[in-house]
Structures are given as structure tokens and as C-alpha cells.
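Asks: Have a look at this one before I ask anything.
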Amino acid sequence: MQQYLDLMRLARDTGVTKTDRTGTGTRSIFGHQMRFDLSEGFPLVTTKKLHLKSIIHELLWFIAGDTNTRYLKANGVSIWDDWADENGELGPVYGHQWRSWPTPDGGKIDQIRNLVEQIKTNPDSRRLIVSAWNVADVDSMALPPCHCLFQFYVAEGKLSCQLYQRSADIFLGVPFNIASYALLTMMVAQVTGLKPGEFIHTFGDAHLYLNHLEQADKQLAREPKKLPVMHINPDVKSLFDFTYDDFTLEGYEAHPHISAPVAV
């Protein structure tokens, strides 16, 4: 995954030093884009070992419309713990906006269900969009959405996805985001009778935290390995029926994990 290393190197070498909400400081770039052809393998970073279990469970949690960490904690996933309140609540974050976007008249819009139906019935639509950035709810969220809008595109029997990410922690967050949206694209493709096409990752503020520079240098010194292959249970026909056991990763060889502090 040279695309990811190129992003990291660009921020490391040319990024502007900026302050940030956490007080840590960053090296920041703006407006970068990466493309991944999903026929070439599953884009899981190989220059450090990633916890795929967390990525899959978080995505299933989003799709379920959940905003409480109970499900995640029950499955050994702690990535949202730092933002949750004492009851595990996060406010109207991703899952709520994806599945229950509130309307002025008190109704709710299931963006994900509508998206799947539109891909099936009107694949040339230019409105195959899901947004998590609900301005009215942002102040009620434990953490406003970083990956805030994505759009699907159907061409020649293939489904592609473009994500706009307003804020991107290059070292810790971006590898998760790449894998999560690549997997979502594969899942939606399966349930709509399409083949996976490309995942396109477009960034607003992409940054390396200043306390991640040493770790970034270590990762940049490593050579990427061959991408693994993700197998999805072909019997699953609804996006809402997937479980953790429906995914099998084959051939994942990665360099050792590199630890780094999370900026909260």
C-alpha cells in the first residue's frame, strides 16, 4: 500500500505545523486523494499489523445504527471508550445519522437502507450519498464525524465508493478508515449484485500528530508486503444480516505493530 506511505511521507516532509483541539500539535496537509483498486487485494496496511477485529466490529456497529459502546466492549473493541460517557453513550454519532437521520417533522431517514435500494433500482443516480455531518446534531456528539460523507458510483457492473474525510489522523486512524470503507464497498456490492470497483479516499485536513513522528519514521522505513484477500460469506443477501463470522482474511502478512498515543 504505497499510496498510504506516500501520504504519510508527504505530511511528514511538507506538512504545515498547526495547533489542534487536543493540544498535541500536527503536521498537516490539505486536499490529498488516494485510490485503491479492490480487485488487487484488500487494502489492509502491511507496514504495521492492524487489529482487523476492531475494524469489522466497528463497521457492523455503524450499520446497526448503534451509538452505545456496549456491543463494542462485549466484542473486545475499545477504540471508542475514550469518548463515551459513563453509560457508554456517544450521542448521535455515525450509526444514528446513517440509520436514523432526524427530520423536522419528527420522522427519521434510514440513509443506508435507502442507499442500497437506490443502487438496486437506479444505479446511475448521482445521489447515492450518505452523510454523517448533521449540523444540528454536531454539538451533541461525543466526537463529530471525521469521515463525514461518502458516495457510491456504479459503472460496468462495478461499485465504487468515494469517502470525504474532513479530519484524518494519518498514523492511527487512516489505516482503519481505508479498510472499513473498502469492506463496506465489498459488502454493498455483494448485496446489490455488483463487483467491487475502487475505493477513493479524499481528505480535508490530513495530519500526523507531533507525538507520532518517530513512529511514522519507523513505518516509512518498512517495505510494504503483498495485500491479503478478503472473503465474504456469499450466502448473505442483506447488508443488515452480516455478522463478524461472515468475513475471512487470507494471506495477511504484516510487519510488527507500532504503538502510539491517541489524541483525545
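Note: Cβ is positioned from N, Cα and C throughout, glycine not excepted.
Here Swiss-Prot flags C146 as active site, nucleophile, drawing on sequence analysis. As annotated by Swiss-Prot, dUMP binding site applies to R21, R126, R127, R166, S167, A168, D169, N177, H207, L208, Y209, with the evidence given as sequence analysis. The (6R)-5,10-methylene-5,6,7,8-tetrahydrofolate binding site annotation in Swiss-Prot covers H51, D169, A263 and rests on sequence analysis.
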Asks: Would you say which of the binding-site residues H51, H207 has the most Cβ atoms within 10 Å of its own Cβ?
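Replies: Output for this query is H207.
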Asks: Near R21 (dUMP binding site) in space, meaning Cα within 10 angstroms, which of the recorded positions do we find among H51, C146, A263?
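Replies: Near R21 (dUMP binding site), where near means Cα within 10 Å, the recorded positions are A263.
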Asks: Please give the maximum pairwise Cα distance, in Å and rounded to a whole number, for the dUMP-binding set R21, R126, R127, R166, S167, A168, D169, N177, H207, L208, Y209.
Replies: 36
Asks: Per the record, (6R)-5,10-methylene-5,6,7,8-tetrahydrofolate is bound by H51, D169, A263: how many Å separate the farthest pair of Cα atoms?
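Replies: In whole numbers, the farthest two Cα atoms are 19 Å apart.
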Asks: Who sits close to D169 (dUMP binding site): which same-chain residues at least 6 apart have their Cβ under 8 Å from its Cβ?
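Replies: Sequence-distant Cβ neighbours: C146, H207, Y209, A263.
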Asks: Going along the chain, which residues six or more apart from S167 (dUMP binding site) have their CB under 8 A from its CB?
Replies: C146, G204, D205, H207
